[in-house]
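Trainee: Relevant sequence annotations retrieved from TrEMBL are reproduced here:
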- B:160-182: transmembrane segment (TRANSMEM)
- B:D273: active site, 4-aspartylphosphate intermediate (ACT_SITE)
- B:D273, B:K274, B:T275, B:E351, B:F392, B:K416, B:R448, B:T528, B:G529, B:D530, B:R619, B:K625, B:N647, B:D648: ATP binding site (BINDING)
- B:D273, B:T275, B:D644, B:D648: Mg(2+) binding site (BINDING)
- B:670-909: domain 'P-type ATPase C-terminal' (DOMAIN)
- B:710-731: transmembrane segment (TRANSMEM)
- B:786-807: transmembrane segment (TRANSMEM)
- B:814-833: transmembrane segment (TRANSMEM)
- B:839-860: transmembrane segment (TRANSMEM)
- B:881-902: transmembrane segment (TRANSMEM)
- B:941-974: region 'Disordered' (REGION)
Amino acid sequence: MSSNTPSSSAGGVGSADAAAPRRNSKRPKYSKFTQQELPACKPILTPRWVISAFLLVSIVFIPIGVVSLFASRDVVEIIDRYETACVPQNFSNDKVSFIQSAVDKTCNRTLTVKKLMKQPIYVYYQLDNFYQNHRRYVKSRSDSQLKDNSSWNDVSSCKPEDMSNDQPIVPCGLIAWSLFNDTYNFSLNNQQLAVNKKDISWKSDRDKKFGKDVFPKNFQNGTLIGGNRLDPSVPLSEQEDLIVWMRTAALPTFRKLYGKIERDLQPNEVIQVTLLNNYNTYSFNGKKKLVLSTTSWLGGKNDFLGIAYLTVGGLCFFLALSFTVVYLVKPRQLGDPSYLSWNRNPAGH
Amino acid sequence: MGAVQIQAQDIHVGNIVWLRENDEVPCDLVLIGTSDTQGLCYVETAALDGETDLKTRVIPSACMGMDFELLHKIKGVIECPNPDKDIRRFDANLRLFPPFIDNDLCPLTIKNTLLQSCYLRNTEWACGVAVYTGNETKLGMSRGIPEPKLTAMDAMIDKLTGAIFVFQIVVVMVLGIAGNVWKDTEARKQWYVLYPIEGPWYELLVIPLRFELLCSIMIPISIKVSLDLVKSLYAKFIDWDSEMIDQDTGIPSHATNTAISEDLGQVEYILTDKTGTLTENRMIFRRCCISGIFYGNESGDALKDVKLLNAVAGSSPDVVRFLTVMAICNTVIPIKSKTGAILYKAQSQDEDALVNAAARLHMVYVNKNANILEIRFNGSVIQYEVLETLEFTSDRKRMSVVVKDCQNGKIVLLSKGADEAILPYAYAGQQTRALVEAVEQYAQLGLRTLCLAWRELKEDEYQEWSLMFKEASSTLVDREWRIAEVCQRLEHDFEVLGVTAIEDRLQDGVPETIETLRKAGINFWMLTGDKQNTAIQIALSCNFISPEPKGQLLLIDGKTEGEVCRSLERVLLTMRITSSEPKDVAFVVDGWALEIALKHYRKAFTELAILSRTAICCRVTPSQKAQLVELLKSCDYRTLAIGDGGNDVRMIQQADIGVGISGREGLQAARAADYSIGKFRFLKRLILVHGRYSYNRTAFLSQYSFYKSLVICFIQIFFSFISGVSGTSLFNSVSLMAYNVFYTSVPVLVSVLDKDLSEGTVMQHPQILVYCQAGRLLNPSTFAGWFGRSLFHAIVVFVITIHAYAFEKSEMEELSMVALSGCIWLQAFVVALETNSFTILQHLAIWGNLVAFYVINWVFSAIPSSGMYTIMFRLCRQPSYWITMFLIVAAGMGPVLALKYFRYTYRPSKINALQQAERMGGPILSLGNIEPQPRLMEKEVSPLSITQPKNRNPVYEPLLSDSPNSTRRSFGSGAPFDFFQSQSRLSSSYSRNCKDN
């Protein structure tokens, strides 16, 4: 602006009458909000408050931890790792060629029940070091194709398993293509042990995600066969193994439900498992496990929550205790003026 | 005039534009005709400069008396400078072609123009020639984009953003390389991923780019939006503050610049104007000294001094001449109101005070009719014809009029001005000692002095000079300087009539405000155009400097480079010695010495500026004020400039924060400023309350924004380690978006209501501001704390989630929702822990947001086509989900709370100590209590006596307190290190002012 304006004659609004019409016109309305005067509670970290908070956490957490741990311990689990054992001796150096050969893959395993297992007993297969969460893998599916027959050729997201022989694959994509294809047959005392493979998938998936009118088409017809084949006459909504498999796991170690055994297993009962070891985990050193497990209110056997709760509860208790001790040994008045340095040294700031 | 509508954009330069009353001026015009017989018209310039009084504009002399009809046919040439934005200057020439008048050059000034956006008032019609149109008008030019101001905080946030960006790039590169290695070694064996054997070379870029996508959320985009939002709210709080409304005028404070509130809390230097800023700028004529006789010393009011009244009644010639100068040596316009009373329209407060005082002393300025002035003295009417007006400029420091007495035809020059601009030009024989003494004495009392002078001119002397003046006032280049030079030729050999003293009272609460802000660690510099003594007096009375022995004033003086240099070095030396002592050391420098110091000894002066907490710079020009601001800014200090007049505008614009006082000197400063307030004392609240809260809130908000982005980003990075370093996103895109723009930004926005300490506590302990000034709440180390917290929380969420949801539960959508809800829970508790005061809105935002998170996800879970169909219902039914949430909260918040508690109780910051005191009613509040001690102004305390000032030299003289004589000897008289010896000072400063002009 004009710097050369004299200071004493810089044009004056000066008179009071000029300002008078503005009176009250711009005056803001008073409210607690505009004045930043809303009633507020201002908690501070007093020793009592903090110590009781930690104490409370420990009091709540330790029992929950104990209960969780018990729940987890109540779960009975039989885990059988079979991928190495099911390779014949002559193939032990080259497992990959075994799995890719046409040799008979049948394998017999024996499981001993250690403790009483109440029904339902869930049969899982567990894969280790299998990255269902790999970016290329997890995206390679077409939800619209799975749901609706009319969009059977919507395979754009399924690369590289989208087309086979210039025809769209239903269900397309890497996930479906790599469907797990080991099968298990259980027998107890030479009697077939029934495994219920119904309702092993989420109901919501069967109802809304996988169409009743969508049938496998052109599936596993390519040069490279991935995993299991599907019965072309069964709609996808009833292909429960596929539905379970398509719920991709977030972790490289995961279990998928294979079926349910709907009878109790007594201790020391011996279960014979006849399995077809078809699935190739050998090329990437993956493990395959067969898991029989009961369940609790907290889920399967998982000590983590219980231990974590006990640890956190214990630490909180320790903190509460040590804070109390420190508080008693070295009490400090809150709002001690000596902490304001300008009170000690009035000159400095 | 015509029936055709013409748009303003169709007006071309050179067109003649006719305006009627109340029309808005469409472009910049040179006035050539008005309905008024004297060629006057009135304009309202409020839209242009914010001043609401009507301004008179006059047609150029060449067009005077031109017939209405002829105006249509007028032909001529207007020479005008290139478009600029100076609305107070227009140096142009007009030459009319025959047959119009003569071929003379006629100078044009701003007085002859009608500027765009003004309104024509009280004038039937006016017409003018368009000289600037469109964006080239004064308004258009000054509209330009002001240089955006960046707060220290924004700069710090930018720096941190840069650091995070570098971190992000490093993460992307490392993970990208790791991903490609993993792909080649592991993923090729994983037949189910079906990597092609040989891909194109750019396949290598896929994984790094995937990670870039994942990590792009590391820099929170929402921070800009959130910051803009809260900043505008800070500004609104300032506008709304009912405690910052000027009760006299009802004008609330206003934040023009909404982006720099945080800087208010980080101010380190305040540069303040004196007149109108510290003082009220309500001038009252108090004393005078006419021909060596002091009036008004006893009563404190010359208007009631019987001696003076008697002298007036007796028409003592000296007094009459004195009063005549008071009454007519000005640019005041008297307006007769309907009741017969005379109102004066004055542009300067001093002139207003003088004219009014003259009227009270029976010298009434009655009327101004074109060039004829009418004054009434003791019943008789005297007429004067104004021949020339030599206007005031801050360089000349005086103004004069040349008038012709209509009765006896004598031509007289009447002048008034600062003492140093008048006294040196007194005629050779005049005894000025009494006057010098008077000036000195009045200045000691903090009064503004003006010297009045007069000289009779010979007819031919005037004629000769008049030609030169005319020529000078029609030059296009350096007109101002040329005019000053010509004026100089007339303004000499004065007969100095006397001295007037005008009181300018301190504003309410100024001393307390300055004391509080100085306690807050803010350094004050006073920059004034006023005299040294006046400035020091005002400085003393408003706690600016402490009287001895606590305070100490050092003077930098000198007329030549060498003198200034020696003086500067001496002051520096003293400053270094005393810097360890708890003493208020201030230096005083005047404009001339400052000019030299800034030009030649910038380094030394800069060091001095850093050492000194207080400085008084007197007789400085507007550009010097701006230079000083620049100097402090270059030392990386946050500066705040506060002023009220046009001469402060440059400093206000230059400073980091400009505060304008919407005072009596118009609204120019307030318009140019970032903040406008009604009274100086509001500055305290502006800085300590609004600035501090804004800083604290932004510090939390910005760091929190980084924290929450980092948490989610770290989780993604951790997840990539268990997903084959392939760049899979754990969270779906909807969740990620909602996380940034909704779940985490709403709760933190209400932190604009957070108050760590109550306003009262801050006012009592202004020292607490140091936390903001030093930037202790937002700096790399606090940021590192937040960074660590985000890493810790990400680890907590991730580890707990993948362990609690292992094996048969490790479903992708479920796991991602568990991790996300873990984050949201932690966010809520982090915000809650960092909030100092919970209002209902905070509770609503923090806990309401948590509820909203579930509601929103339930809605998404109810949509069959969405990826997370039924997920949230499924999770909420699982006890393990809730158990996991509590575990995440306890494990995440426990250490944070413990650490905070420990620090809070055993290593409390001063803020913590005050918080505790405030809530527990601890003893601090009573201890450091600053009672607003109403420090009375010195002059009110002591009844004024002439002898007093000599004993009350406010300046502590260092090194010579023991024996004044010894020092005199050592430095000699007129030594550069002149410890402010008021009596011996004058002569030197006079001589330098001669050179100055």
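A Cβ is built for glycine as well, from the same backbone N, Cα and C atoms used for every other residue.
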Trainee: Under a criterion of three or more Cβ pairs within a distance under 8 Å and sequence separation of at least 6, are the transmembrane segment (B:710-731) and the transmembrane segment (B:881-902) in contact?
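Mentor: Between the transmembrane segment (B:710-731) and the transmembrane segment (B:881-902), contact is absent.
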Trainee: Cβ within less than 8 Å of a chain A Cβ is the test here; which of the binding-site residues B:R448, B:R619, B:D644 meet it?
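Mentor: Out of B:R448, B:R619, B:D644, none lie under 8 Å of chain A.
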Trainee: For the transmembrane segment (B:786-807), what are the same-chain contacts with Cβ under 8 Å, counting residues 6+ beyond its ends?
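Mentor: 703-704, 706-708, 710-715, 718-719, 722, 814-815, 818-819, 822-823, 826, 830, 880, 883-884, 887-888, 891-892, 895-896.
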Trainee: Using DSSP and collapsing to three states, where does B:D648 (Mg(2+) binding site) fall: helix, strand or coil?
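Mentor: Where B:D648 (Mg(2+) binding site) sits, the three-state DSSP reduction gives helix.
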Trainee: Compare the C-alpha of the residue listed as 'active site, 4-aspartylphosphate intermediate' with the C-alpha of each of the binding-site residues B:R448, B:R619, B:D644, and give the closest one.
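Mentor: Closest recorded candidate to the residue listed as 'active site, 4-aspartylphosphate intermediate' by Cα: B:D644.
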Trainee: Do you know offhand how many angstrom separate B:R619 (ATP binding site) and B:D644 (Mg(2+) binding site) by C-alpha?
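Mentor: B:D644 (Mg(2+) binding site) has its Cα 17 Å from the Cα of B:R619 (ATP binding site).
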Trainee: Could you give the Cα-Cα distance between B:D648 (Mg(2+) binding site) and B:T275 (ATP binding site), in whole Å?
Mentor: 11
Trainee: At a 10 A cut-off on CB-CB distances, which of the recorded positions B:D273, B:D648 has the highest count?
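Mentor: Answer returned by the neighbour count: B:D648.
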Trainee: Could you find out if DSSP has B:F392 (ATP binding site) as helix, strand or coil?
Mentor: coil
Trainee: At a 10 Å cut-off from the C-beta of B:F392 (ATP binding site), count the other C-beta atoms across all protein chains.
Mentor: 24
Trainee: When the Cα-Cα distance from B:D644 (Mg(2+) binding site) is computed for each of the binding-site residues B:T275, B:F392, B:G529, which gives the smallest value?
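Mentor: Nearest in space to B:D644 (Mg(2+) binding site), counting only the binding-site residues, is B:T275.
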Trainee: Out of B:T275, B:N647, which of the binding-site residues has the smallest number of neighbouring Cβ atoms within 10 Å?
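Mentor: Comparing Cβ neighbour counts within 10 Å for the binding-site residues B:T275, B:N647 gives B:T275.
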